[in-house]
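Q: To start, I am sharing the structure in question, which I have written as structure tokens.
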Amino acid sequence: MGCVQCKDKEATKLTEERDGSLNQSSGYRYGTDPTPQHYPSFGVTSIPNYNNFHAAGGQGLTVFGGVNSSSHTGTLRTRGGTGVTLFVALYDYEARTEDDLSFHKGEKFQILNSSEGDWWEARSLTTGETGYIPSNYVAPVDSIQAEEWYFGKLGRKDAERQLLSFGNPRGTFLIRESETTKGAYSLSIRDWDDMKGDHVKHYKIRKLDNGGYYITTRAQFETLQQLVQHYSERAAGLCCRLVVPCHKGMPRLTDLSVKTKDVWEIPRESLQLIKRLGNGQFGEVWMGTWNGNTKVAIKTLKPGTMSPESFLEEAQIMKKLKHDKLVQLYAVVSEEPIYIVTEYMNKGSLLDFLKDGEGRALKLPNLVDMAAQVAAGMAYIERMNYIHRDLRSANILVGNGLICKIADFGLARLIEDNEYTARQGAKFPIKWTAPEAALYGRFTIKSDVWSFGILLTELVTKGRVPYPGMNNREVLEQVERGYRMPCPQDCPISLHELMIHCWKKDPEERPTFEYLQSFLEDYFTATEPQYQPGENL
């Protein structure tokens, strides 16, 4: 039925308040959503105290249910409060075990039991079969969660990453929950102009007291679906009309199956090692399969690297860490040789990607965005009161679309090799380690911040070893005397200043990862708006 109230008068001109600047919108356009930017003013010479900084950090994509949502627990009822709501599949799914169901996009289900959280017992109305289905692959029939364009809890920066992915035309759009206003939504649209090139505009969708929705009060709608239909037919004040929903990509599963959710020590025979991806000091990394049908990464540890008992204890904590910028731990084989089974990232380590892969051609905006993703994952680790202890580009993995995820968090504490535990031994990563951690074993989230500063140098130098020309002993001595790496070639001074603040001698003076995430996400609007690509960066 369309527009509840839709006046044909010109849309009121609103100022576009975006990324700290005010620009008058042209023509008949609405102003884009003035999402507040959570950074202090950043000058070249002085940086404020970061540690009291609070930002609304963006979370990963949770379409419906899954680990970031509590909306799918308990009894499932229809709007009238009786009976059972039907759910519809948003994606195809291939069964991994005899307990779960294969299904196709569009298939409808009756939910029999939703108490397992991420896995629901369901009956397919197409086949009549009963089994478990991943809860984030389905949504209630006719709900906004079932719409192609609805992305749920997706942060502003992640919305921009998805919309700016290669191949999306101007007018690609999505709707997500507002980060700043409870009950409201944001419409994010890919746009293009001569000045900015490809970019994303965000519009706040506000809710009326009677349940309707509007971007401007001149055009009000009973449902979000009607709003989308209206702006798909005409721009009507937006930057352009809505052309096509953004591609969602498959949701991430945090378990291999419903059985491994709680019992995730698995038999070695269920794993097949297919292709060796890397060989390190303490073991190898393989691409393989679980159960013959699910692609995984398998880290095999040399016997004696760590105590199986200590590893299993730490793995209990690691399994509970769930964030879209952390490599998900799926399962373990806890008898030696220990196997660690995680999600597979097809581009390998960030270090190899920068030195020998596609990363060699990347310019500063991509590199800063990758750093922002790492900071987002570390901000989650910070919130969870956990510590990584070995943050460097070799322990960051890369996937399609320059997606970065943190791997091997927490494992360094368990290593029993004397060449490592001595901290000045040959296998210990001195060049990435904060002095208080290297000298006195004081590992904290603030020593991780130091390591992040070193990782920033790896990014802008495309994988160069830190402190070139210096050995570990020299690095330790020089850093204790106050030496810090100079600004790398072509690196903006403002980014080097951020590194220097990560390398403050007093750990408490170093920034939080929450601040680092926000600063890097808004770097090219708040700090370096005049950036022009150079030969290297």
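Positions of Cβ are set from backbone N, Cα and C atoms, glycine also.
Below are the features listed in Swiss-Prot for this protein:
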- Thr12: phosphothreonine (MOD_RES)
- Ser21: phosphoserine (MOD_RES)
- Ser26: phosphoserine (MOD_RES)
- 82-143: domain 'SH3' (DOMAIN)
- 149-246: domain 'SH2' (DOMAIN)
- Tyr185: phosphotyrosine (MOD_RES)
- 271-524: domain 'Protein kinase' (DOMAIN)
- Leu277, Gly278, Asn279, Gly280, Gln281, Phe282, Gly283, Glu284, Val285, Lys299: ATP binding site (BINDING)
- Tyr420: phosphotyrosine (MOD_RES)
- Tyr531: phosphotyrosine (MOD_RES)
Q: Averaged over the whole of the domain 'Protein kinase' (271-524), what is the pLDDT?
A: 90
Q: Using a 10 Å cut-off on Cβ-Cβ distances across all protein chains shown, tell me which of the modified residues (Tyr185, Tyr531) has the largest neighbour count.
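A: Counting Cβ neighbours within 10 Å, the top one is Tyr185.
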Q: Could you check whether the domain 'SH2' (149-246) and the domain 'Protein kinase' (271-524) come into contact, where contact means at least 3 Cβ pairs under 8 Å with the two residues of each pair 6 or more apart in sequence?
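A: Counting Cβ pairs under 8 Å (6 or more apart in sequence), the domain 'SH2' (149-246) reaches the domain 'Protein kinase' (271-524), since there are 3 or more.
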Q: Counting every protein chain present, what is the number of Cβ atoms, excluding its own, within 10 Å of the Cβ of Val285 (ATP binding site)?
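A: Result for Val285 (ATP binding site): 21 neighbouring Cβ atoms inside 10 Å.
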Q: Around Asn279 (ATP binding site), which residues of its chain at least 6 apart sit with Cβ under 8 Å of its Cβ?
A: Val285
Q: Is it possible to list how many residues within the domain 'SH3' (82-143) are helical, extended or coil according to DSSP?
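A: In the domain 'SH3' (82-143), the DSSP-based counts are 3 helix, 27 strand, 32 coil.
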Q: Please state whether DSSP places Tyr531 (phosphotyrosine) in a helix, a strand or coil.
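A: Where Tyr531 (phosphotyrosine) sits, the three-state DSSP reduction gives coil.
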Q: Need this for a regression test: recorded positions Tyr185, Leu277, Gly283, filtered to those with Cα within 10 Å of Tyr531 (phosphotyrosine). What's left?
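A: Cα filter at 10 Å returns nothing.
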Q: How big is the Cα-to-Cα gap, in Å, between Gly283 (ATP binding site) and Tyr185 (phosphotyrosine)?
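A: Just about 47 Å between their Cα atoms.
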Q: Between Leu277 (ATP binding site) and Tyr185 (phosphotyrosine), find the distance joining the two CA atoms and give it rounded to the nearest Å.
A: 42
Q: I want to verify one value. Collapsing DSSP to three states, which class is Asn279 (ATP binding site)?
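A: The three-state answer is strand.
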Q: Using a 10 Å cut-off, grab the number of neighbouring Cβ atoms around the Cβ of Gly283 (ATP binding site), all chains included.
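A: I count 19 other Cβ atoms within 10 Å of it.
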